[in-house]
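Taken straight from TrEMBL:
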- 1-21: region 'Disordered' (REGION)
- 66-100: repeat 'PPR' (REPEAT)
- 101-131: repeat 'PPR' (REPEAT)
- 133-167: repeat 'PPR' (REPEAT)
- 236-270: repeat 'PPR' (REPEAT)
- 340-375: repeat 'PPR' (REPEAT)
- 442-472: repeat 'PPR' (REPEAT)
- 511-541: repeat 'PPR' (REPEAT)
- 542-576: repeat 'PPR' (REPEAT)
- 577-607: repeat 'PPR' (REPEAT)
- 757-849: domain 'DYW' (DOMAIN)
Amino acid sequence: MITLSLPSPAKLNPPSSKNLTSLQIHRRNPNFEALKDRLIRQSNVGNLKQAISTLDHISQMGLTPDLTSYTVLLKSCIRTRNFQLGELLHSKLNDSSLEPDTIVLNSLISLYAKMGNWETAKKIFENMGEKRDLVSWSAMISCFAHCGMELEAVFTFFDMVEFGEYPNQFCFSAVIQACCSGEFGWIGLVIFGFVVKNGYFESDICVGCALIDLFAKGFCDLRSAKQVFDRMPERNLVTWTLMITRFSQLGADRDAVGLFLEMVSEGFVPDRFTFSGVLSACTQLGLSSFGRQLHGWVVKSRLSSDVCVGCSLVDMYAKCTMDGSMNDSRKVFDQMADHNVMSWTAIITGYVQSGCYDMEAIKLYCRMIEGPVKPNHFTFSSLLKACGNLSNPAIGEQIYNHAVKLGLASVNCVANSLISMYAKSGRMEEARKAFELLFEKNLVSYNIIVDGYSKNLDSAEAFELFSQIDSEVGVDAFTFASLLSGAASIGAVGKGEQIHARVLKAGIQFNQSVCNALISMYSRCGNIEAASQVFERMEDRNVISWTSIITGFAKHGFAHRALELFNQMLGAGIKPNEITYIAVLSACSHVGLVEEGWKYFDSMSKDHRITPRMEHYACMVDLLSRSGSLEKAVQFIKSLPLNVDALVWRTLLGACQVHGNLQLGKYAAEMILEQEPNDPAAHVLLSNLYASRGQWEEVAKIRKDMKEKRLVKEAGCSWIEAENSVHRFYVGDTNHPRAKEIYEKLDKVAVKIKEIGYVPNTDLVLHEVEDEQKEHYLFQHSEKIALAFGLISTSKSKPIRIFKNLRVCGDCHNAMKFISVAEGREIIVRDSNRFHHIKDGLCSCKDYW
């Protein structure tokens, strides 16, 4: 049993004859005391090199420097973190005839502890024997704690108590700090009992700070940490700053800001660490106006040149600007006198996270490596993300090679970012190789590769990896969200339902990110009712939840329901973002609500200070041109404050084809090709526009131009899920194992629907052939083949869900309405624009799409 008792008084040993001789020599030499005083003065003001020169001068005079000189110099080395000179002093001490006393040995333990050299510190400590005192034990416990050797620190603490030393506040602080983790927190509670028993709980600031960290870092228990803080009889700036920082780190950002304001009201002046903590909280809360006030305070406090504060300001401005601009963040960065790896990484990461400045991030990296500062693993991780966003793995590989040279390639976050970069660039073979070469795969690694396969429409590989993840590292919410995204991308509602069942089994059906993924999966797979049910059952909804369900209803053509949900979202106090407004404007566009669309477009900047992006302008052009107001759409484009990109002109060109406006279509195509000369979509749309007007010579010219430029039209592809597999079909496809049955069913269906009034629209066949041949072409379209397969392979009680990568053909859309009557089936089609719910001869789009 461990007992705590006060140590017996230390025994005083007479000085050795060797030391007596040295003292007598010093007394006979009047220069020694003067030189010693000079050494102490030089050491105290930080002139360590001069102080050591004085030490050498004393030795050169035939005198032996005393232990006080070494103690002063060693403590100065520790204080200034000049460890190299500290090691030199230790060497000189070993070469001298002096026998180190307890004070010098304790200083040496502290020196090596600060260096992280626990082996040398431990050797000195063990060789001290009877010279060890309470300071020695405290220094050794602290050494183990700071070197990540928590159990060694705890064992040393208990050895000290067994040895008969009575712990003081420094011992308690050091050993509690060693227990500030989830693994050793329970031991910290045992030490806490000692603290209470010995009366240090409410009497010492150091112990109080250690206990705050024990509860905050060891148990994520901010309530208990706050109770410790509230019971401290004395609080200093360090204590307040610790509380603010821990609250911010654990997500209690609003409380962190509240603590800061309370601290200021009690008369404490924040330092650089306080500002860093509260700025981090502001960043998470998006409090840009308060962050600017803090910036003003930083300037007045003359801390704007501090790297730590500067990094926090760079991060705050990067994440809190309403329009995604990096101007303020860059100004702070450029005004910083010195840059370290933290500041460079902060600005680079800011540019990457802003969403549209990835190339600027890479340019900054090139500037960074021209100077003395070397990138760290976080820098490389952000840069590889930038290359992934740019789909430029060539630059990414060059950056990765630099990481290899610096020995950082094997760090998980760098390797994971490399996998992500390849996946975002569509190079899944390289992504898989990088994944397999990863020495220590964690859940993040698995999630990235699964997400990569899902986004690259290879859900089969993603689902195959699922069981491997489950057995090796266990799955989490992100894994399920990625798999659901994979099911959504190919319209595999059956796979999605299986994952939903696993979600229920895992008991995370109310997890916010999983629910958001379920809403997206069901709505993208054509089951908007199931998506709505998931949304209604959610306990905690964020802007992504609301945006997902609004997008779902918009894509399905239920505009009024989408707008109703948007108003409910505003009533619930949820602030919409840029994506929410894309969904709202799309909803208006799909049903021709022009006036409502203008109202919501104006409210973006007026009510929510959201600067419209190119996607919003494209939505407005779509809204106007789809409704037939092509001239107004062009006027709107010309009135915009910036040059619009190809996306907007492509939207106009698509509408020109629908409305047969050749003149404006040519103009839109010219504007697209001016920006993107090799855009195959513009060539195809213009060719189709000429074909619809019977201008076959122009069609031939465009096709010849495409051939010379080696531009390939995207092949139309339709797919359908049946028998737990996804079946893909192309125009005139005969490769399917059941091709004979499919075409037999198509022939029978054609006869049926012609009998009830279907007339093939051969005008939509954009080839110069006979009408009979045109009708044959129409029945070889991929969506009709997919529908025929659905009729012979799916239960009559379930809707047939078809997915197409391009806009559904007008004749196919009309034929499906007749087939829904002839076969008594509900047909749901998702094309590149929207969903079509076809039942009893009617479509949800009301032929407006």
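Using N, Cα and C of the backbone, Cβ positions are placed for all residues, glycine too.
What TrEMBL says about a protein is an automatic prediction, not a curated fact.
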> Apart from its near flanks, which chain residues at least 6 from the ends of the repeat 'PPR' (511-541) lie with a Cβ under 8 angstroms of it?
Replying inline: 477-478, 480-481, 484-485, 487-489, 491-493, 496, 499-500, 503, 548-549, 551-553, 555-556, 558, 572, 574, 799, 801, 828, 830, 835
> For the repeat 'PPR' (542-576), what are the same-chain contacts with Cβ under 8 Å, counting residues 6+ beyond its ends?
Replying inline: 512, 515-516, 519-520, 522-524, 528, 531-532, 535, 582-584, 586-588, 590-591, 593, 596, 600, 608, 610, 830, 834-837, 844-845, 849
> Which numbers of helix, strand and coil residues does DSSP report for the repeat 'PPR' (101-131)?
Replying inline: 28 helix, 0 strand, 3 coil
> Could you give the number of helix, strand and coil residues in the repeat 'PPR' (236-270) as assigned by DSSP?
Replying inline: 26 helix, 0 strand, 9 coil
>> When secondary structure is assigned with DSSP, how many helix, strand and coil residues does the repeat 'PPR' (577-607) contain?
In response: 28 helix, 0 strand, 3 coil
>> When secondary structure is assigned with DSSP, how many helix, strand and coil residues does the repeat 'PPR' (66-100) contain?
In response: 27 helix, 0 strand, 8 coil
